[in-house]
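One structure below.
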């Protein structure tokens, strides 16, 4: 558990409740979220949005678009509750509506990253963001 907390803290600059998002990505993919997704493509981790380089990067693009729809809380900082039940993410029912939305955005990106593990390409692990092409609209 301590390792997950350290990984989440290292995700500084990544949008979303860092601790929850990092844990979800690890639980769904088995991958270290900082090492594998912190600088991946044009949309994962820190940096601006750009045209996705592959399906993995598209997951992060959709995640950032999901956050743009959130109102009433700060998806970058505000924490929410969720549980891991039978290998599935369950957003807490006691979360206020805004944080429920943030949790669902984070859940969706974690599942998307798992579903697209086959498209993950180590050559995109560290992408120079200013070389990314203009992003599509959400």
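Count begins at 1; order follows the chain as displayed.
Here the Cβ of each residue, glycine as well, is placed from N, Cα and C on the backbone.
Swiss-Prot annotations:
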type	residues	note
DISULFID	42-132	disulfide bond
DISULFID	44-60	disulfide bond
DISULFID	59-112	disulfide bond
DISULFID	65-138	disulfide bond
DISULFID	66-105	disulfide bond
DISULFID	73-98	disulfide bond
DISULFID	91-103	disulfide bond
REGION	122-133	region 'Important for membrane-damaging activities in eukaryotes and bacteria'
SIGNAL	1-16	signal peptide
SITE	122	site 'Important residue of the cationic membrane-docking site (MDoS)'
SITE	125	site 'Important residue of the cationic membrane-docking site (MDoS)'
SITE	128	site 'Hydrophobic membrane-disruption site (MDiS)'
SITE	129	site 'Cationic membrane-docking site (MDoS)'
SITE	131	site 'Hydrophobic membrane-disruption site (MDiS)'
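Annotated features, which come from Swiss-Prot, shown on the structure.
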residue: 42; record: disulfide bond; Cβ contacts under 8 Å, 6 or more apart: 48, 49, 50, 51, 52, 53, 57, 61, 127, 129, 132, 133, 135
residue: 59; record: disulfide bond; Cβ contacts under 8 Å, 6 or more apart: 44, 109, 112, 113, 116
residue: 60; record: disulfide bond; Cβ contacts under 8 Å, 6 or more apart: 37, 40, 41, 43, 44, 45, 52, 109
residue: 65; record: disulfide bond; Cβ contacts under 8 Å, 6 or more apart: 138
residue: 66; record: disulfide bond; Cβ contacts under 8 Å, 6 or more apart: 104, 105, 108, 109
residue: 122; record: site 'Important residue of the cationic membrane-docking site (MDoS)'; Cβ contacts under 8 Å, 6 or more apart: none
residue: 125; record: site 'Important residue of the cationic membrane-docking site (MDoS)'; Cβ contacts under 8 Å, 6 or more apart: 35, 36, 39, 40
residue: 128; record: site 'Hydrophobic membrane-disruption site (MDiS)'; Cβ contacts under 8 Å, 6 or more apart: none
residue: 131; record: site 'Hydrophobic membrane-disruption site (MDiS)'; Cβ contacts under 8 Å, 6 or more apart: none
Task: Surrounding residues of the region 'Important for membrane-damaging activities in eukaryotes and bacteria' (122-133) on its own chain - C-beta under 8 Å, 6+ positions past either end - done: 35-36, 39-42, 46-51, 53-54, 56-57
Task: Sparsest Cβ surroundings (other CB atoms within 10 Å) among the disulfide-bonded residues 73, 103 - done: 73
Task: Rounded to the nearest Å - Cα separation of residue 98 (disulfide bond) and residue 91 (disulfide bond) - done: 12
TODO: Could you state the whole-number distance in Å separating the C-alpha atoms of residue 103 (disulfide bond) and residue 73 (disulfide bond)?
DONE: 12
Task: Rounded to the nearest Å - Cα separation of residue 91 (disulfide bond) and residue 73 (disulfide bond) - done: 16
- [ ] Give the number of CB atoms, excluding that of residue 105 (disulfide bond) itself, located within 10 Å of its CB.
- [x] 24
Task: Most crowded position, judged by CB atoms within 10 A, among 44, 91, 112, 132, 138 as disulfide-bonded residues - done: 44
